[in-house]
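*Asks:* Annotations per TrEMBL:
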{"type": "ACT_SITE", "residues": "Lys13", "note": "active site"}
{"type": "DOMAIN", "residues": "70-148", "note": "domain 'GHMP kinase N-terminal'"}
{"type": "BINDING", "residues": "Pro98, Val99, Ala100, Ala101, Gly102, Leu103, Gly104, Gly105, Gly106, Ser107, Ser108", "note": "ATP binding site"}
{"type": "ACT_SITE", "residues": "Asp140", "note": "active site"}
{"type": "DOMAIN", "residues": "217-276", "note": "domain 'GHMP kinase C-terminal'"}
Amino acid sequence: MDFMPRHIKAPAKVNLILRIRGKRADGYHELQSLMCPIELFDGLWLSPGRPGIRIRVKNGKGLVPENGENLAVRAAALFYGAAEIPAALDVEMEKNIPVAAGLGGGSSDAAAVLMGLNAVYGHPLSPPELFRLASGLGADVPFFLMQGAAWAEGIGDQLESFRKIQPLPMVLVNPNVALSTAAVYKNLKWGLTKEGIKTKKPHFEETLMDPVPWLFNDLEPVAVSMCQEVARIREAVLETGASGVLMSGSGPTVFGLFKDQRAAGEARSFLSENFRHWRVVGTQLMP
Ligand SMILES: C[C@](O)(CO)[C@H](O)COP(=O)(O)OP(=O)(O)OC[C@H]1O[C@@H](n2ccc(N)nc2=O)[C@H](O)[C@@H]1O
Ligand SMILES: Nc1ncnc2c1ncn2[C@@H]1O[C@H](COP(=O)(O)OP(=O)(O)OP(=O)(O)O)[C@@H](O)[C@H]1O
């Protein structure tokens, strides 16, 4: 089955709130999180190809696998299997989202491929079927099917759309060090019986007006203990006048929120000029 080549965009995310509630017998952690897509995208070209699934990574070579281990390819393979369509796909990936960074890049690529292929083949899979495939690929993947901010519980798979967020200006700083999500959770050393604090789902009107007082991440001290740069970045971003600073997900990327584009722009210039070994990106919460 042929289709017209299609370009799709896969956004990164930040966790504005991330509370770990406990550990399940299978090793996964129960959490509560306010997750929000941001305006930083990987680009993916889906084109019909010879039988099979191939991927070519245009930039960031060596950062992500260019084979069947790439989450985009794994997602495509699951899609073709579930839809009972013979696989024939070329994927070209422009990797802009830092890898193993707490920004959910691989998960977003996977969700974008699931939705993109479902669209080009005329929606053979229902939303619950897509959701099931997404859950099998990783805890963060279902969130990216929501295409907007969401309140997440369970291991990140019980999702509720959260009203549109303000397009708040933000600066992301990544120390150019990869931090494995599995290692960060492991270092949390959470007992099976221990119960974390249960957070009430935040009141969305208040949070959306100003998320700063709500910013919280249980994994931040763990990541700091594994990568001291996270603490240095936090300090440096706060010194630029950010109204709030937090590490995203399992890190090590830190984001700073700013009251307007001008303040964010100045902070971005200052940080990129003075800390050349960090990757500094200007972005905003996706409205
Ligand atoms: C840190 C977050 O990004 C916050 O949104 C997610 O919880 C991580 O989601 P993810 O990267 O999609 O995670 P997966 O790829 O499913 O799992 C990677 C590893 O992280 C750990 N993991 C992940 C999610 C979760 N709720 N509990 C966990 O303990 C597990 O050890 C797992 O082996
Ligand atoms: N398309 C992809 N993009 C990014 N990483 C991928 C991809 N496919 C496979 N991977 C592998 O997955 C790992 C990290 O994935 P990812 O970038 O999603 O982590 P992350 O941004 O830290 O996610 P999280 O926010 O869930 O912590 C790396 O080891 C990388 O090689």
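Just so you know, glycine gets a Cβ as well, placed from its N, Cα and C.
Note: TrEMBL annotation is automatic and uncurated.
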*Asks:* Please report the Cα separation of Asp140 (active site) and Gly104 (ATP binding site) in Å, rounded to an integer.
*Replies:* 7
*Asks:* List the helix, strand and coil residue totals of the domain 'GHMP kinase C-terminal' (217-276) as derived from DSSP.
*Replies:* 32 helix, 9 strand, 19 coil
*Asks:* Of the recorded positions Lys13, Pro98, Ser108, which ones put their CB under 6 Å from ligand 2?
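*Replies:* Not one meets the Cβ criterion.
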*Asks:* Under 6 Å from ligand 1 by Cβ, which recorded positions from Lys13, Pro98, Ala100, Gly106, Ser108, Asp140?
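*Replies:* Checked recorded positions vs ligand 1; flagged Asp140.
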*Asks:* For ATP, what surrounds Pro98, Val99, Ala100, Ala101, Gly102, Leu103, Gly104, Gly105, Gly106, Ser107, Ser108 with a Cβ no more than 8 Å from their Cβ centroid?
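*Replies:* Output for this site, in sequence order: Ala12, Ile97, Gly249.
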*Asks:* Could you tell me which of these binding-site residues, Pro98, Gly102, Gly104, Gly106, has the fewest other Cβ atoms within 10 Å of its Cβ?
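*Replies:* Among the binding-site residues Pro98, Gly102, Gly104, Gly106, the lowest count of other Cβ atoms within 10 Å belongs to Pro98.
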*Asks:* Looking only at the domain 'GHMP kinase N-terminal' (70-148), what is the mean pLDDT?
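*Replies:* A mean pLDDT of 98 is what the model gives the domain 'GHMP kinase N-terminal' (70-148).
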*Asks:* Of these recorded positions, Lys13, Ala100, Ser108, Asp140, which scores lowest on Cβ atoms within 10 Å?
*Replies:* Ala100
*Asks:* Can you count helix, strand and coil residues in the domain 'GHMP kinase N-terminal' (70-148) using DSSP?
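*Replies:* Going through the domain 'GHMP kinase N-terminal' (70-148) residue by residue, I get 45 helix, 7 strand, 27 coil.
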